[in-house]
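These features come from Swiss-Prot:
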type	residues	note
SIGNAL	1-32	signal peptide
ACT_SITE	99	active site, proton donor
ACT_SITE	155	active site, nucleophile
DOMAIN	400-460	domain 'Dockerin'
């Protein structure tokens, strides 16, 4: 039985929590049919870390706020043929590149915004070329920007394709598309036009490249494992293996850095850059995910080496570009390089450095005329480094029933759990508690409401 004074305290805590949540929560329009809702607060199957933030609930609130800001800057209906598109920034006259649609669709599916997702995909379909892949550059008025822009860019199309797979898992048959059919067709088009026959080398586009020129930052082995299972085409596993084979040949043995462009032998490609620059920086983001989701040993080896390079430099001193041997070629310190450095830290074991580079990622946000690229990568990597970028193809959001309230994960629900939860709330640090068990009401936040519900559970 709950005494009157205890009940009053519980009610007071609940009312304060509801009031505070109502103030700080930013609305995200999601689908009622969402089977895997945001936030995920996931524990990745592999690696020492899933969330680098001190507080999961604070990280989730930050993500909601950043998402609204990103949409305000980069989602527009202007020139979008009645739909929505991702616009770049003033530096490119607010044009659209297919890469942006890939990023935008990934973000929309992770944040659970089905209507936005569908509108972005409708825009994609307007600009599919004869190979069934998206023309890579469209101006702000909805015109393909010349003959060379008709071709597709592989990094964009693979992100579009995997987002369709995730949409199928998240929303099923609801919405304006049969996501399963769309995804399979798109993946098959990529395989037929962007994978070099006989070698499994990933081409940078549907109309050029292969063994003579490829781009390591386009390598997305975690995506290919999903594609293989989703379509039944085991050739995708060969593509993933080939990506690591090429990267092994191209990466510097001391720094671990990979080039923007190379041949399948890892040597410089004619007419293409061979530094660790604005393309190559994405390599560790895509590769780290392959470790977090699938435990691929080479992914950890490659990302650990790059992360050690950045750690030795010092996170405040990271600059936008290096030769493969590690010589600095830029004085800029932007969201592009800082966020991708944070992604690389996810495969390591230095918790102090990982938290420091995560906090730097939160801090460093681009402003001015050049905001699209860095802030978009930062947005996705903030998801990844806070446990909010699980593999939606295989992820289940169902809580572990029967463990609710076992905050300290010792197999019992008792006063020790009350103390652990109280400390976590007061210090805004959730690193030493089981988040799933502590989140009593499954709302993705650890707060006074959970504390009140845990007290009720114990008193009963």
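Cβ coordinates come from backbone N, Cα and C, glycine included.
Counting in whole angstrom, the residue listed as 'active site, nucleophile' lies 7 from residue 99 (active site, proton donor) by their C-alpha atoms. Under 8 Å, Cβ to Cβ, and six or more positions away along its own chain, residue 99 (active site, proton donor) finds 136, 153, 155, 156, 159. Secondary structure at residue 155 (active site, nucleophile), taken from DSSP and collapsed to helix, strand or coil, is helix. If you take every residue in the domain 'Dockerin' (400-460) and average the pLDDT, you get 76. Using a 10 Å radius centred on the Cβ of residue 155 (active site, nucleophile) and all shown protein chains, the other Cβ atoms total 25.
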